[in-house]
Structure formats: C-alpha cells, structure tokens
Amino acid sequence: MASPQSTKTGLNLPAGMNQTSLRLETFSSSFRGISSLSSPSKSTCSDRFIPCRSSSRLHAFDLQDKEPTTPVKEGGNEAYSRLLKSELFGSDFASPLLSPAGGQGSASSPMSPCTNMLRFKTDRSNSSPSSPFSPSILGNDNGHSSDSSPPPKPPRKVPKTPHKVLDAPSLQDDFYLNVVDWSSQNVLAVGLGTCVYLWTASNSKVTKLCDLGPNDSVCSVQWTREGSYISIGTSHGQVQVWDGTQCKRVRTMGGHQTRTGVLAWNSRILSSGSRDRNILQHDIRVQSDFVSKLVGHKSEVCGLKWSHDDRELASGGNDNQLLVWNNHSQQPILKLTEHTAAVKAITWSPHQSSLLASGGGTADRCIRFWNTTNGNQLNSIDTGSQVCNLAWSKNVNEIVSTHGYSQNQIMLWKYPSMSKVATLTGHSMRVLYLATSPDGQTIVTGAGDETLRFWNVFPSVKMQTPVKDTGLWSLGRTQIR
C-alpha cells in the first residue's frame, strides 16, 4: 500500500523529506545549470580518500612545548635558527636576520643570495666562511677561515732525561776552556786533566790519544771538518795537531804566551785564542808557527767560530766584546759591545748567511742575534742564567743553549720566535761544554760535576723522495728505433 506522499507526487520519497524540499533542490539544480553556461566549474566529486584519524594517538608524539613563549626563549630560538642557517648555507644566508626591523632582508629564504655553489674556478683571494664549502665558523675564534694555512702541528716531544751518561773524572770547571768536541766521523774528544781521550760512538770504544805530562794540561780541543785531525791547545800556549786515526802527533806550533783556551778550524786555517788577548792564524801547510795575528781584544779570548762559508771569524772575549773579522784585514770589521759580561757562546746559523748568535756571562745572561752584514742587533733574549754555550741545529731552525749560575739548565729554542721548546735539567754544576753529533740529532754536555750527558733534542733530517718522471722520457726506452 503506497504512502500518502507517494500518491501525490508519484515518487517514492524517503522519510523526513516532503515535496517542498524536493522543489527547492530542483530549483537549486536548475540555477546551477544556468550559471554553468557562463563559466565552467570544477566537479564537486573528489578522487581522494581521506580517512578519519580521530581515534589515533598522534597526540602522544607531539613533543613540542605548548607553553607560551617568553621573550628570552624567542631570542634563543632566533639565535639558534640563525646559527643553523649559517652552518648549513654560510654566514651570508643568516646575515639578513641581523638587519634592523623593516629592512629589505630576505631572511625567510635561505637561498636569497645569488651565489654559485659549483664553479669551474675558485677565487682563493675572496674565500671566506660564507662559501658553502668553507670550514665551520664554530671552529674559528675570529670567524674567518684560512684555506691556505695548514692546521698547527702538535709540539715536538723532547726527552727530558739523557739516554747515556759517562763519567768524566778531572773534567775542569773553568768557564774559559773548551775541552769537548764531536767529529764528523762520530768520535768524541774530551780533555781530562793532562790527557785527551777519544770515545767512538758506534762501539763505545775509549782510546787514550795523548798525555801532556804533569806540568801541562789540556785547555781546548777541536776536530777538523773532515774529522781526521784534531788540534789541542795547552796551558803553555802551544797548539798541537794530531792524527786521530793513527794517534800520532803531526805538528806542534807556538806563538802564544799563555794558555790557549779556544780553537776554531775552517777549511784550511786553524785559529787559536789565548789568555794573552791575541788570535793567531795557523796554516799547517807552511813552516812558520802562524801566518797572521789578530789584535783587538783587551782580555782573554774565550770564544771563536768561523762562518760556514769561511768568510768571517767571530771572536768573543772576557772584555765583553764580540768582534767579527774577515780574511782581507787584520782589523775587526765589526765591534759589538752590547754584552755586559764575557762572551764565550758563539754560533753561526747554517740556514741563513750572516746570522750570528752570541751569549753573555753571569752579568749579562742574554742571547743576542746579529746581522753581520750591517752590524745590526736583530733580537735579544734574557735567559735568566749565565750563557755558557750555543749551538745551532743543522736539521731544523732551532738553537740550543747551556747555562751556568743559577739554574745549570739546557734550553732549546725555536728561531726566530725564540719560543721555548724544552728545558732540560740534570747537571748539578754549570754546563760549560757542548758538542753536537754528526747527524745533528744528539748533543753531549759536560759540566763540573764530572759527567758527560747525551741528549736527543733535534729531529732527523727529512729525506725528500725523488720525483718520478711520468712524461714521455720515462717509458724505459734507451734508444730510438
């Protein structure tokens, strides 16, 4: 049986819907049909299925702070955002955040600066942390990176204790003597009282070279550069030359009135300094005892060193003077009087010509550096102790100094900064004697405590590997066919 609604309209209408609502829907549909003639409209049908997730527990993963932010927290978030963008995209991308409010900055877009991230050529002169490939600004204190400078090397470790200690009885505690020297053939010569002993470093063999007798004593020893002959200065003013291999005396030369406390060889001339204030030049190829006399010091000569090119001779004396001589004159070309105590410690730089270092005694305590070309003092360092000896490393640009009162220490310096590399202690008395091994790595020090101590202070020479030729001439062919 049909319902009353269906009989009137002839349609089966659902419950709750009358003919009036149907008429309104029909009118609305006809109106939409008219409006579609003017402009097309998108279909109201959707091709996506959007599920309802009201029952899911996504709120459990919402870890953001729902509390209202404070100005301090907002400032921290802004600083963090600026730093993050600077780390990811460079400082230029974060710089608009620093611009005043209302500025024309483009901080919202990290790619706002127009820069080429990949280029065929890098302009090293304009490289800065703004480049996406530059190091992090967090690793630089000043905010500027330097692509060309390598990272700083860790400080070199120097052993604080000697690797060998030898007893040296009768080793004299006299500041003005020089009785220890190490030859280029790895033989150490030591003057002990009236005798000279040779210690071979390769096998620790000890050989007695000579005995001057009860009325004489050894005041200085010096090997030739080749290491075959050794000169000995005596308390009677003589200079003896011995064959170190055969242990035979070759020659004896006089000329000094009193003890000969210092000797220095160049390629062919032997220079000797004495308490009589004179410097004698000996040539063993001629018959006379000496070929020239250099007069300039007013007190005992206690330091002598030839430059590596044999052009200049530096002499130090108890008159606090440092004199520089050349081969063409018997008058000093330089008189350096800045020291206030005796100048015994003298060394020439093997790395730079005309660079001379000298050390003063107890009243001076300074190491001074000189340019012998113009006589200018380059630097002066107060060591705090009497400077007894100086030696420049031939392997690296470093210098070692031995000291007396008041600390009796051995100090290693880096030139030209003169920063301390190491300070070595062990001698109970002032360290009066110093010599360097032929490989330039080890030094031996002697003191009035009658001990010789061997220290490893300098690194070895870096051997440069030869560059292999990979060109056309390196194909291994010895002839053209």
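Cβ coordinates come from backbone N, Cα and C, glycine included.
Swiss-Prot lists 125-136 with the feature compositional bias 'Low complexity'.
Per DSSP, the compositional bias 'Basic residues' (154-163) is made up of 0 helix, 0 strand, 10 coil. If you look up Swiss-Prot, you'll see 154-163 marked as compositional bias 'Basic residues'.
The feature region 'Disordered' is assigned by Swiss-Prot to 100-165.
Using DSSP to sort the residues of the repeat 'WD 1' (172-209) gives these counts of helix, strand and coil: 0 helix, 21 strand, 17 coil. As annotated by Swiss-Prot, repeat 'WD 1' applies to 172-209.
The repeat 'WD 2' annotation in Swiss-Prot covers 213-252. Sequence-remote contacts of a segment are chain residues at least 6 beyond its ends whose Cβ falls under 8 Å from one of its Cβ atoms, and for the repeat 'WD 2' (213-252) they are 172, 177-185, 187, 189-196, 198, 207, 258-267, 270, 272, 274, 276, 280, 282, 284, 438.
As annotated by Swiss-Prot, repeat 'WD 3' applies to 255-292. Each residue in the repeat 'WD 3' (255-292) gets a DSSP state, and the totals come to 0 helix, 17 strand, 21 coil.
The repeat 'WD 4' annotation in Swiss-Prot covers 296-335. Remark: secondary structure over the repeat 'WD 4' (296-335) totals 0 helix, 19 strand, 21 coil, with classes taken from DSSP.
Positions annotated as repeat 'WD 5' by Swiss-Prot: 338-380. Looking just at the repeat 'WD 5' (338-380), the mean pLDDT is 97.
The repeat 'WD 6' annotation in Swiss-Prot covers 382-423. DSSP labels the residues of the repeat 'WD 6' (382-423) in these numbers: 0 helix, 23 strand, 19 coil.
Sequence annotations record features per position, and here Swiss-Prot assigns repeat 'WD 7' to 426-465. Using a Cβ-Cβ cut-off under 8 Å and counting only residues 6 or more beyond its ends in the same chain, the repeat 'WD 7' (426-465) has close neighbours at 156, 158-159, 161-175, 177-186, 188, 190, 201, 227, 386, 388-391, 393-396, 398, 400, 402-405, 408-410, 412.
When Cβ-Cβ distances below 8 Å are used as the criterion, the repeat 'WD 1' (172-209) is approached by residues 166, 216-223, 225-228, 230, 232, 242, 244, 247, 261-263, 275, 300, 302, 318, 342, 344, 361, 386, 388, 404, 429-430, 432-438, 444, 446-448, 452 of the same chain, each at least six residues removed from its ends.
Counting residues 6+ beyond its ends, the repeat 'WD 5' (338-380) has Cβ neighbours under 8 Å at 175-176, 299, 302-309, 312, 314-322, 324, 386-394, 397, 399, 401-402, 404-405, 413, 415-416, 418 in the same chain. When Cβ-Cβ distances below 8 Å are used as the criterion, the compositional bias 'Basic residues' (154-163) is approached by residues 412, 421-422, 424, 426, 453-457, 459 of the same chain, each at least six residues removed from its ends.
Taken residue by residue, the repeat 'WD 5' (338-380) breaks down under DSSP into 0 helix, 23 strand, 20 coil.
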